[in-house]
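Novice: According to TrEMBL, the protein has these features:
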- 1-33: signal peptide (SIGNAL)
- 295-314: transmembrane segment (TRANSMEM)
- 352-446: domain 'Protein kinase' (DOMAIN)
- Lys381: ATP binding site (BINDING)
Amino acid sequence: MRVCVYAMAMPTALKALTFLFVLAVLAPDQSEGQHHQPYCPSFSCGPFRNISSPFRQASDPPGCGYPSYELVCSDTKATIHIDNVTYHVSAINDSGSYFWLWVVDADMDLYSSCPLPRWNRPPYSFRVVNDEMEVELDPLSRRQTCFLKCSREVKDNGMYMPVACLSSNDTYVYVLTGYGSCSMEYLEPSCGYLAMTPWPCHSPSCWDYEPLENASYVDVVKSMRIGFAVQFPFRYDRMSRSIKDFLSRFYSEDAISCVLQIIVVDGNFWRCLLDSRVGDDALSVVPFVFLSVKWLAVLCRFVLAPLAVLILLAHKYWKTRITIDAVEKFLRMQQMLGPMRYAYTDITTITSHFRDKLGQGGYGSVFKGVILPGKVHVAVKMLEGNPNCNGEDFINEVSTIGRIHHVNVVRLMGFCSEEMRRALVYEYMPQGSLDKYIFLAKKSFS
């Protein structure tokens, strides 16, 4: 009785211990989550009201907003510090397709009458958060005005507009305002990067602003006084940096994203070739050939090769299926006339999982078995599978021996055929095999 009570009390004790363990694990997590989710009230800053994340004030507790989006507020103005440069915030857009704040260099005219833009932040400055790239303070426009410093004067290039007030006898400063002006393809050998400023656009494509094409320095300064838009923080998936990482992502739920990234990269490659008009150069054939070979290899490996394997497997399966169907058709007719048909599970039961082996022949192994009820002893021959055999030998054996009933011929009592596993069930001869007596007699005679 004490044993029964103890056994009944054990599950209750285990449940109590499990509950306490789960409570101990969850309690720190909940307190930690509350610690990292402080109360962040909205605030007013200059002309703006009800400002919230990603913006913050210096007085806000840690965890409120982004440190890089900290605003300095007065009664009439809101400013933000970006890379040690102070910018006036003239507008904040937190609705529509794009979220941005419009900034203007607060001290552009304070230090020089011939100002240079002080924006020196590379595009897509990011930090990795949970395997994603988090981009902060990125210009909304993908187009920039670029300032270059050259050791020699650039001639016969209409994109290079001189900046006389910044140039000297041995140094030449130019401004480029055309599409892709900061691209390496437009950089002269004697020139280097000096400064850049984004274009004043309200969208990445600048559809709402007529871009300055080959504009003078005076026009560029006017656009600098207008300012430009900076996006709110955003995230996007990192592209795979290794083959192992790519394969792990490819065979996961991100496979479609990886394929789309590959297509986008190749699309940009083709667009670059077409835009640069390098088709007249003989060397331009090389990248086209390389890309063609690449996609041909991809087609062969991921389309043609699997298709060939599937066709081969289908052909092999169909050939095996025809052989099995021929044997099955015969066995259905034979079942009404000849020996009894057994399932493979019946054969394993009869032979006690092939425990007692009687001998080995050219066509397979023979095991001793017992058929219940009645305890009829039998000999079960397990035929070895032959890939070149189409089932005719098995059909001949069952059809001929199954119909012979003679006192001097071993009787075929049953058979088994499941897929490529086949067996013949004969009556058991307790005196052993006939070849022992034949060879023994020859030995005595000699």
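Here, residue 1 is simply the first one shown, and the rest follow in order.
Quick reminder: no glycine exception, Cβ is built from N, Cα and C everywhere.
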Novice: With DSSP as the reference, give the number of residues of the domain 'Protein kinase' (352-446) in helix, strand and coil.
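Specialist: Tallied per class, the domain 'Protein kinase' (352-446) gives 22 helix, 34 strand, 39 coil.
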Novice: Would you count the other C-beta atoms found within 10 angstroms of the C-beta of the residue listed as 'ATP binding site' for me?
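Specialist: Summing over all protein chains shown, the residue listed as 'ATP binding site' has 21 other Cβ atoms within 10 Å.
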Novice: Looking at the domain 'Protein kinase' (352-446) alone, can you tell me the average pLDDT?
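Specialist: Summing pLDDT over the domain 'Protein kinase' (352-446) and dividing by its length gives 81.
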